[in-house]
Ligand code: TNX
């Protein structure tokens, strides 16, 4: 196995285009080691592993002060992807990198024509030759995915926010790539601890690198209500005023939230808002006494217990409340899905839970959206369009198999694999351990298409990595739990199973370390990964 070695700028200059490419990819790709170059090879280390990547031994494209980014004439979206790429490359290279409409064999071209039909809605083709880089896709989302791959063909220091020395050689390669699953999600709990708009944007930029296309925001819970609802203003005024541990909490105004959604969209990520119902609602119950069965508002809660709160199932005002909230949230959501929670409603009886969901599911539909929910919500047999999110700790889940038989397609977030808030091992200071320790290999080594017994691959919509924030208070802590496990889950969502190989994955992951260092990402240096 070739080890990844960062080319020093001197070695890079000396070797230039004669550099051999070494492929450190999954089993589907052919590893090629050119004998010629005696000096440090530049390996190819792409996460998530592409469907096909054929290296061009000895070929590199050098980004220079004269490089232009050409984008599909007439496409505003392609131009936006070009501007995004320029935004990534300009600070470190110091190059101007003008983004201009057109197609050219030279420089970097982002084109919406001529892509192989296999790329589908989110895939791309990428070619790096001596003359230039050409990315072709059928959509801007595909171009954006191709841009993420291109970043990883350039030296890690390109990720720096300050000017670095070149050379800026991209490894010669021909890539054909597209995702295994349509849903490749990350979830951030902004309720237990509040995260500012800038902190969430930072996370969006980090997950976008790994071709994640959904950000599920857990906006409400016992400890806080984080999204302004104009018809129920006390939800945030009172209900957003604290968090776990008693800190000041916070919330997003609707304008701030719109800005977040637009920022995510500019990274081809759809925000899925979650309003957790009917449990996990202490912040709402504390904000409006009338939502409580006994009419008495409980105090705000800053601990980390779960399962003690419930909306009052038999009060009409409950459904007026839910209707108002879902209407406002739907209006802020360009995506199709609203997540209505449904987990751990431990003080709601099953008949009450079903009665509640039977009233709430039609409200989601009325506001033009499709319901997602934690797996418990299948108790209410939602229609086939609904998306159950499996978070169990077992691989036997008869309720998921039954839901699949009714037509529901499931998102997998098994807590023992995909929960980014689980500690890596007994020494991890942050996080919880109720689902067990989860080191990087645990997070990586499972097949979403064959994980739940008797659940057919065709019933799997995708994967999602939840990050609950009981113990996390800032971006550095979020990053420590998410990296390097989030890229593992992202790869399970994107890469064909034929590329799955822990020994190769950990090498490719190791190559991300210098990128995270250049970006200032506070990753956990797991001893399982051969960091360089
Ligand atoms: C379970 S998983 C929860 C959350 C907690 C999490 C902590 C799920 C749907 N509910 O309320 O934050 O465990 O790991």
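Cβ coordinates are placed from backbone N, Cα and C, and glycine is handled just like the others.
Taken from TrEMBL as is:
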SIGNAL    1-33  signal peptide
DOMAIN    45-161  domain 'Beta-hexosaminidase bacterial type N-terminal'
DOMAIN    181-345  domain 'Glycoside hydrolase family 20 catalytic'
ACT_SITE  344  active site, proton donor
DOMAIN    353-496  domain 'Glycoside hydrolase family 20 catalytic'
Cβ neighbour count (within 10 Å, all chains shown) around residue 344 (active site, proton donor):
17
Segment-level pLDDT (mean, integer) for the domain 'Glycoside hydrolase family 20 catalytic' (353-496):
98
For the domain 'Glycoside hydrolase family 20 catalytic' (353-496), how many residues does DSSP put in helix, in strand and in coil?
61 helix, 22 strand, 61 coil
Please count the residues of the domain 'Beta-hexosaminidase bacterial type N-terminal' (45-161) that DSSP assigns to helix (H, G, I), strand (E, B) and coil.
39 helix, 33 strand, 45 coil
